[in-house]
Amino acid sequence: MSQVIRTASETYPEDKEEALHKVEEVEPDVLGHAFTEEESRAIVRKFDWHILPFIWWCYLFNSLDRNNVSNARSDGMTTDLHFPKNGYGTMLSVFYVPFCVLVVPGVMLTRKIGPRITIPGYMLGWGAMAMINVACRSFASVLVVRLLLGAFEAGFAASLIYYLTTFYTRGELGKRIAAFYSCNAISGAFSGLIAYGVFQMDSKLQGWQILFLIEGAFTVAFAALVAFVLPWSPAKARFLNEREKEVARLRILNDGSTKTDTKFDKKAFFKPLSDWKFYVFGSIALCYGIAAAVAGNFLTQIIGRFHYSTVKTNLFTVAPYIFGTLCLLITAWSSDYFRERGLHLASSLVLVFIGCIILVAIPVSSTGAGYFAVFLITGGAFTPSVLFHTWHQCNDPTEDGRAFRVGTFTFLANAGGIVSANIFLDKWAPGYRIPLAITAGVEALGLILILGLRAYMTLDNRRRNREQGVNYSSKDVPTQALSEGPANPLFRHFH
């Protein structure tokens with residue numbers, strides 16, 4: 001006979017939340033009798049089939065249009081457009097300013113008017129900007145285009161993460177975020193392969209111009225498709241019947257949100273600012289963001305220390321990016337399976353730290369060890385985005401709180417791009433020892449913060465269990481009961 005799960009609303013009605021402060025009212029089996037595991041799995045399969053393939057392609061185009069400047073530089077874009085000394089770093093900084101500053105307004109807009117408008121709208125905007133890159137004839141014009149491109153891309157990734165939290169439970173979220181964030185790593189492989197082919201074409205346009213034109217055009221076309229095919233909430237998913245829509249709602253109330261389909265609440269949106277852990281998470285975001293930016297924007301330049309031709313240098317970026325994608329997917333799967341975030345996140349930063357230290361320590365002429373270190377960096381640089389956002393999203397049961405957190409932390413992670421752009425200067429080429437040493441130090445700081453925060457969460461869970469005479473973990477208390485978050489004695493950290 002099928003195992004049956006009870007909805008949180010049967011035991012914890014929304015109009016009696018004050019009663020939930022009494023631990024003795026929590027039943028030993030907090031899951032109950034409203035839908036079967038088979039029903040839950042069937043709905044997840046439908047969500048996966050109707051959402052993940054499209055989200056994957058959306059984020060692939062986002063990563064391509066953001067990271068292809070590294071390939072374009074290797075084909076002579078900076079020379080053709082007469083970039084000044086350190087102009088490449090200046091261009092990256094100009095992109096990252098709106099890309100960082102507008103994240104929170106971007107995700108707030110998504111909460112206010114809905115992802116149906118903002119997600120395809122952001123795609124149309126940056127795809128058009130990528131195509132306009134072809135018409136740039138000076139360094140100043142590139143700066144204007146990159147500024148606008150950063151503005152359109154700012155709220156996109158954060159909106160996607162928030163969007164997924166409205167469909168999937170906390171224990172399912174890691175793999176699903178990984179499904180589209182893997183594109184951040186694999187886009188480097190795609191871009192390297194595309195660049196390898198494009199840069200050998202005989203055309204009136206430069207190879208880097210064709211690269212921007214192709215990737216921008218695909219983005220615009222796919223944005224139009226996404227506007228019509230993506231479901232924008234479980235309640236409005238055309239592929240679900242009424243029973244399935246109700247089960248989808250109950251699943252989120254049990255392991256996701258206090259309420260579903262809520263309207264935007266400005267006070268609730270900014271409430272995380274009163275939580276001290278918010279600032280620890282923010283510091284972690286800045287640390288891992290530097291590593292992700294190094295891998296995304298400077299991998300081609302790091303491999304350039306081996307003095308291969310332009311074509312070979314781009315080709316040699318493919319394997320490390322694929323390795324980074326595999327590491328991301330495996331680690332995310334393990335994190336969901338064990339319902340654990342902190343240690344998995346720390347393991348990724350360890351890889352980046354070791355890779356940077358190797359590149360600092362060895363001679364530039366040491367190709368084998370250097371290329372191995374590049375694999376370590378890509379193996380660890382892309383995974384934190386998935387595990388970090390899954391971690392903090394799993395510890396806020398409110399829709400507005402999650403939206404603000406993902407927006408702010410994405411802003412801080414993106415700010416890592418500004419840092420990397422201003423330390424990977426031309427004067428440190430080709431070894432980039434000083435920038436790599438700084439990156440290693442920052443990742444070490446991130447490790448300390450991650451392990452410290454996880455230790456606090458573990459000890460606080462144990463304290464709550466000891467005081468209440470129970471043995472609950474995060475999966476044992478329905479999120480519908482936790483509108484007050486950690487202030488409620490029933491709250492358990494998802495660590």
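Cβ coordinates are placed from backbone N, Cα and C, and glycine is handled just like the others.
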41-60, 121-140 - the one TrEMBL records as transmembrane segment: 121-140
Stretch with greatest number of CB pairs under 8 Å, the transmembrane segment (278-303) reference, 87-109, 210-230, 345-364, 370-391, 436-456 candidates: 370-391
Contact between the transmembrane segment (210-230) and the transmembrane segment (87-109) (at least 3 Cβ pairs under 8 Å, separation 6+): no
Overall pLDDT of the domain 'Major facilitator superfamily (MFS) profile' (51-458), taken as the mean: 84
Counts by DSSP class (helix H/G/I, strand E/B, coil) across the region 'Disordered' (467-495): 11 helix, 0 strand, 18 coil
